[in-house]
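Visitor: As annotated in Swiss-Prot:
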type: BINDING; residues: 30-33, K51, 87-91, G415, 479-481, D495; note: ATP binding site
Amino acid sequence: MAAKDVIFGGEARARMVEGVNILANAVKVTLGPKGRNVVLDRSFGAPTVTKDGVSVAKEIELKDKLQNMGAQMVKEVASKTSDIAGDGTTTATVLAQAIVHEGMKYVTAGMNPMDLKRGIDKAVHALIVELKKASKATTTSKEIAQVGSISANSDEAIGKIIADAMDKVGKEGVITVEDGKSLDSELDVVEGMQFDRGYLSPYFINNPEKQAALLDNPFVLLYDKKISNIRDLLPTLEQVAKSGRPLLIISEDVEGEALATLVVNTIRGILKVVAVKAPGFGDRRKAMLEDIAILTGGKVIAEEVGMSLEKVTLADLGSAKRIEVGKENTIIIDGAGAAADIEARVKQVRVQIEEATSDYDREKLQERVAKLAGGVAVIKVGAATEVEMKEKKARVEDALHATRAAVEEGIVAGGGVALLRAKQAVGTLKGANADQDAGIKLVMKAIEAPLREIVYNAGGEASVVVNAVMAGKGNYGFNAANDTYGDMIEMGILDPTKVTRTALQNAASVASLMLTTECMVSESPKDDSAAGMGGMGGGDMGGMGGMGGMGM
């Protein structure tokens, strides 16, 4: 095991704070409407330009081990805030730096760090209660658009697209972000349920312009095994042919003579049929087949429940108003399932979401809910260059998270004002002793930091603005975009309550851990200078020897 350095007390904390400051100073230049960009070097490809706090934080690794530990702890603040609320990463970093900066003064002055921590916790708890009281529910699509545009660094077009997407697919719908093909961002809404499997044979195509198979008012057969023998399918095909309606077959696979027979029947016009593979794998495939069954009002034909293909009746088949099958996707529009059954299924999947342990599972389950409940909206981000596209896409994703957070917990005045109002509402808070009082006091001072940084980035005088805002009431604050004062919510400067709350909680949590640090252990740097040169051997390399007469 490598040798370790063990550093105690003030020296350890001082080095850690240096790391915190390096990271926080790099992140906080991006805060506010007049925040600047940070350019990140890439080992290959063009450098990335970003105004997203967490992207900057993730890039930073410091050479000094102790400084790096400080930086990594603050990085945790940014990434945790990003995970939970999806935005507010820069605010969280600025708050953490401010709490550490204020707190270190008290620790150095000899106050008890544990009591300081208790004071900090008490103050944060009181502030969050006030934030929740001040929170206002987000209902109109105008408010949603405002939240989106603030989070996308005052880009109104992005805010509007997100609000439109939420209108179309509802609060529960899935909204995904993809690279667009044009210069402008556009919104594409898929009504109904879409899954990523296309036709098994191009001979099923009946609409050459769209390169798709369109089925109107079709039956849907759901089977969880492979179909290779056409004899199993014949009874179903005969019944469907009599009814004169088309048929979509969703099964693990259709191969060999079964597929050939279906293709021949389709080409001859005897029966309009399309076969696709079932979406997903393993247990997820079964669950998704069940979802489709509930959506279309059919049953999954599975041997486990004693059903077989030969005995299928029309009552076992699902149906839908319309189905579009492309090369890679199938869309089921307006399935015939009962609304109550779909509702019950959505509830069931929601319970699974709450119990899910991995992010991947949770994401997949949320997709299933959206496919059952609303629909899917795709925001295609347009930009002139690859670099701009990446930067814009990151902002759209941020804005999307922020709007979701706003719908969930409501909004408060933006621009750092909500924290100052919460501070005023808390008034005088007392701890159990003088050291706890100091902890409360330092939080109350530190929560001015986001507003100070916004003003500083806009080239203003922070103290003047803070005093002016503190003299006002309610949503009165400073709009750094055009250097005016007024009602923040009317000016459209809002933050989701969840974002502000999460930023404060995470910042205080990590900052108080740093204040209560007394010892740091890191690997000793290896001394390379002596070892590097070793073993060249025989110092003199010997002459080159004469070139010999070249006989010109």
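Cβ coordinates are placed from backbone N, Cα and C, and glycine is handled just like the others.
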Visitor: Show which residues of the chain containing D495 (ATP binding site), separated from it by at least 6 in sequence, have their CB under 8 Å from its CB.
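Guide: Within the chain, D495 (ATP binding site) has Cβ neighbours under 8 Å at G88, V147, I150, A402, I411, V412, A413, G414, A418.
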Visitor: When DSSP is mapped onto helix/strand/coil, what comes out for T90 (ATP binding site)?
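Guide: For T90 (ATP binding site) - judged by DSSP and reduced to three states - the answer is helix.
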Visitor: What does DSSP say about D495 (ATP binding site): helix, strand or coil?
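Guide: Looking at the DSSP assignment, D495 (ATP binding site) belongs to a strand.
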Visitor: Using all protein chains shown, find which of the binding-site residues G32, G88, G415 scores highest when you count other CB atoms within 10 A of its CB.
Guide: G88
Visitor: Long-range neighbours only, meaning 6 or more apart in sequence with Cβ under 8 Å: which ones does T90 (ATP binding site) have?
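Guide: Listed in sequence order: V27, K28, T30, L31, G35, G53, A78.
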Visitor: For a quick check of packing: other C-beta atoms within 10 Å of the C-beta of A480 (ATP binding site), how many?
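Guide: Around the Cβ of A480 (ATP binding site), 25 other Cβ atoms lie within 10 Å.
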Visitor: As a test of the contact definition, list every same-chain residue at least 6 positions from K51 (ATP binding site) whose Cβ is closer than 8 Å to its Cβ.
Guide: T30, G35, R36, N37, V38, N153, E391, R395
